[in-house]
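J.: Taken from TrEMBL, the feature transmembrane segment covers 7-37, 43-62, 74-93, 99-116, 137-167, 179-199, 206-226, 238-259.
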Amino acid sequence: MEAVAFAVVIGVGVGVVVGALGAGGGILAVPALTYLLGQTPHAAALGSLVIVLATALSALPQRLRTKTIRVKQGLIFGAISIIGSVAGGRLSALVDGNVLMLLFSAMLAVMATVMIRRGLRERNLPGGEAPAGKPRGLVAIILAGLGTGFLTGFFGVGGGFIVVPVLTIVLAFGMKEAAGTSLIVMSMAAIGGLVARVGNTPPVDWGVVVAFMLGSMSGAVVGGPLSNRAKPYQLTLIFGALLAVVCVASLSATLLTIFA
């Protein structure tokens, strides 16, 4: 019972982050389920996909009301990412759990560096955001979608922490639009990751996962309005700092497990 209550509390915090940044569900849920709630890495990957899907869908209505979302582009990018997500999900089952978490930490380190540097550059610009760049070609969009989907399925995360930077850099979205549109891509990629795991489901404590999910859905409703009050560069820096914290925590816990 204590684990269920703890899962609800953690879930609320994760939901607020997802609602505000359009990302963070999987990168927070996977370590939380693994190191705080006693799930195996593969069970945490599966549970996090369920949590991310429900949380993203909960945050979508507020984004639609404020028009900080591009539905068409999100659906196209998401559809492409599903292909990569299925492949990543299949490969994930073949990789040792500790190796999975080490790779996860390395990826977080790269993404944290990119986003923090971007936020610092934008801090003194008019409006707190770089001018919209020229959109890349279709090939770049397809490759970005496939890569995003693969990592989503492989690590069992919603993909928002990859999608948001890709949408701002490759498709020239503003930070707030990227955060909103990311919710569509996260939802579709999570569905792909779940489909890939059909027939290869690890033991999961569904009581804990459902409690986490309900808390996260509630938090997502609060996070959206918080995003509207922040400047774009602030969201970018918070996003990068979040990635850095999770990277250090995940890497430390994994190394302790390996060398214990």
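The first residue you see is number 1, and the count goes up from there.
For all residues, glycine too, the Cβ spot is worked out from N, Cα and C.
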J.: Could you tell me what the rest of the chain brings near the transmembrane segment (43-62), counting residues at least six beyond its ends with Cβ under 8 Å?
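T.: Residues packing against the transmembrane segment (43-62) from afar: 11, 14-15, 18-19, 22, 25-26, 29-31, 33-34, 69, 92, 100, 155-158, 160, 183-184, 186-187, 190-191, 193-194, 197, 201-206, 208-209, 212-213, 216-221, 223-225.
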J.: For the transmembrane segment (7-37), which stretch among 74-93, 137-167, 206-226, 238-259 has the most Cβ pairs under 8 A?
T.: 206-226
J.: Report yes or no: does the transmembrane segment (74-93) come within contact of the transmembrane segment (179-199), defined as 3 or more CB pairs under 8 Å with a sequence separation of 6 or more?
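T.: These two segments touch.
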J.: If we skip the immediate neighbours and take only residues 6+ beyond the ends of the transmembrane segment (238-259), which ones have a Cβ under 8 Å from one of its Cβ atoms?
T.: 17, 21, 23-24, 27-28, 30-31, 34-35, 98, 101-102, 104-105, 108-109, 111-119, 161, 164, 230
